[in-house]
Structures are given as structure tokens and as C-alpha cells.
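S.K.: Annotations per TrEMBL:
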ACT_SITE  K53  active site, proton acceptor
ACT_SITE  Y268  active site, proton acceptor
BINDING   R150, M316  substrate binding site
DOMAIN    247-372  domain 'Alanine racemase C-terminal'
MOD_RES   K53  N6-(pyridoxal phosphate)lysine
Amino acid sequence: MNAGQTSTPQQGAISQGPVAKGPWIDIDLGALCDNYAMLAGAAPGVPLAPAVKCEAYGLGAGPVARTLCNRAGAREFFVVYPEEGAALRAALNDADSVIYCFGGPAEETLPIFDTAKLTPVLNSLDQAALWAARKPGAEAALHLDTGMNRLGAPVSSLADIAAVNGLNITLVMSHLACASEPDHPKNREQRARFMEAAQNFSGARLSLAASGGALMGKEYHFDLIRPGIALYGGSPFAQDDARIKPVAALRAPILQIRHLAPGETVGYDAAFTAERPTRIATVAIGYGDGYPRAGAGRGEAIIHNERARIVGKVSMDFVTLDVTDLKKPAEPGDIAEFFGPSLRLFEAAAAAGRTAYDFLTGLGGRAHRRYL
Ligand SMILES: *Cc1c(COP(=O)(O)O)cnc(C)c1O
């Protein structure tokens, strides 16, 4: 993807220039910093360590992390794989930032931890033993499983891990399974288990909250928060959250306008039949760009501040919008916004059968990323 590159777009000039031929994603780095400040304000005094895994959920780990480091003051970051960590270290141009790798170390990846100065998140007794044997005294985080039953060291293994010689655990973390529902009883259960289990590692900082936990109140904040989606403009909850500002905007130009007579059909499988004289706009975005096929018939886009619905199937390179009812007629070259400042990511994702997480992360490499 082009995510590692920054450009110097002219703000507002979105229908101009070479990117206007296909889809693109505008990324508002000021709004990214605003979301960081909002989360910091929700957890006063608790540092934020942005999760920039998976290219910062598709927005570009380099530009996102550089911005959060230089403009917002972030000094700790989370990725999953050491390869992501090494790319981030190079992009950050800051030797002092701490880069944690959720996946932990393996024999083959130890050299990357060395050269890129990465900090592992240990997920098992085996990883703890490997790290302590090969890097005695070197800082590491430990991921406790408090009920997610996905990754992390089971509570039953903690006494053995705590007894490993040469191990230096400076951060103990766990992950909430049900942060999308703040009132879910599992959140309180996990918190209680976390506090008890962490006693095996006295002196280490504690971290339980991602975006959801950050917005769930003080008792979830502990010593470090690991936000991802809320920084990038998505709600971590089962509902939208107006405190979170849009960061990314998915846009594409209209290529052609069709005038259909009643009875004519649109696209593959003739899935849509016009029941009235219908204007169809063909837009340069499709599932090849990560726009979900499930958006057919339900997804919408904003053109001239009005909504138009996707009709017919989503194809690899195109979607077709019913623009019949637009007050200002849509024309080739006009821009359709699939989410962004005029259509909330939460709503657009839901209409396409997605969450903000998988909608953002699924946007492919073909759409240009422009940093504003
Ligand atoms: C991805 C991830 C995060 C960030 O989660 P958001 O819900 O996007 O804020 C935090 N912690 C862990 C362990 C993760 O895997």
C-alpha cells in the first residue's frame, strides 16, 4: 500500500489531481490528535500507547505513529509482529519510543527484537523462558489471559512464569472480551481476575484498557491504555460514540451516469431492476478496494451532501448508486463519500455488514492514502 508515503494535498481540492481517477482515503491527522486528546482527557494522568498494528487499522502505521509521537506525545506503541515493529522503528525516527509486539518472541525472530530494539509481550511460559534465557534482564511485557481465552498466559501458569530466572516484567496486561458493552458483567470479572493475578508481578505497570476500557471509567485505566479504533475514528462500542471524531474519509469519483427506463437492470446477475425512470451513477470503488459486497442494496454514499444508495451488486472495481432523487444532479467527476465527515464510519460499516474495525482494516492497498 501507499500508506508509508505522505503527500501534500491541497485541502478542499479533492476532485482534482491524479488521485481523483480511483478511490482514495483522506486521513485527517489533526482529527487523529483530537481523538488522542479526548482519550487522554478521559483518563487524566494515564499514558496512552496507541495500537498501530495492521498499518494502524489500514491508515498507515508510519504516518499515524509519527504524528502521535511528534504532535501528541505518544512514546509507547503496540504492534503484533516483530516485522511490523521493525518497520515502525524505522518510520518513527525515534530510538527512545517503546515498541511492544503483542505476538511475543520466537527463536527465529529474536534478532529482529535486537536490531529494532523491540519489547516483547510474552504470552506463555515458553516465551518467558526463551526471552529470559536469551535476553536476561531485558524488559518485557506479559499478557495474562483473564477470560478472553484467545492469547496470553493462563492464570495457572503465572507462578511458574514469575519464578523464571532473569525475567524482567515491567508491564502486565490483559484484554477485555466485552468492552463493546460496558455493562457486561464479564468486564468486572476480568478486572477482578486481572488485579489478583497481577500480584505475582509486583512493581510492574498494569494495562487492561483498549479504546473501550479507556471510555469506561477510572477503574479500568490502571497505568497504561492501549487505544486503537477510537484514535482512528471508530466507536469501540455496540453504538456509535459522538466523542470520537472522523479521521478517515473514503471517497471515489463518479465515472458515468446512466438513465434507465423501467424494467432495465443494473450490474452482475441483473440484481437490480429499475421500477421507474432511474439515474444510476457508476463510482470507481469496489470490493477490490475493500468495499464489502454486503453493502449491495444497503450501503450509502454522500454526493453534494445528499444520500444515495448502492443498487445492484458491488463489483470488483465499481459500485452503482441510485442518484435519481438527488436535488443537484450527479455528474461524472463528482465525488461520492462512503464514510467520513458527512457519513459516520459506524453507520457506513453497519450498513455494509461490518464493524468500524474490519471495515477500516479491510480497505485494500489500491486506494491512495492522503494525509491532511
Ligand atoms: C488491537 C488491540 C488493542 C486496541 O484495541 P481497540 O479496541 O482498537 O482500541 C489493544 N489491546 C490488544 C491486546 C489488542 O489486540
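Note that Cβ sites are derived from N, Cα and C of the backbone, with glycine treated the same way.
Are these features on the surface or tucked inside, and what are their neighbours?
M.R.: According to its DSSP assignment, K53 (active site, proton acceptor) is helical. Sequence-distant contacts of K53 (active site, proton acceptor), defined as residues of its own chain at least six apart whose C-beta falls under 8 angstroms from its C-beta, comprise A61, F78, V79, V80, E84, F102, G228.
In the three-state DSSP reading, Y268 (active site, proton acceptor) counts as helix. For Y268 (active site, proton acceptor), the same-chain residues 6+ apart in sequence whose C-beta sits under 8 angstroms from its C-beta are G312, K313, S315.
Under the three-state DSSP scheme, M316 (substrate binding site) falls in the coil class. Around M316 (substrate binding site), a 10 Å sphere centred on its CB holds 11 further CB atoms from the protein chains shown.
For the domain 'Alanine racemase C-terminal' (247-372), the model gives a mean pLDDT of 97.
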S.K.: Only counting partners 6 or more residues apart, tell me which same-chain residues put their Cβ under 8 Å from the Cβ of R150 (substrate binding site).
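M.R.: R150 (substrate binding site) has long-range Cβ partners H175.
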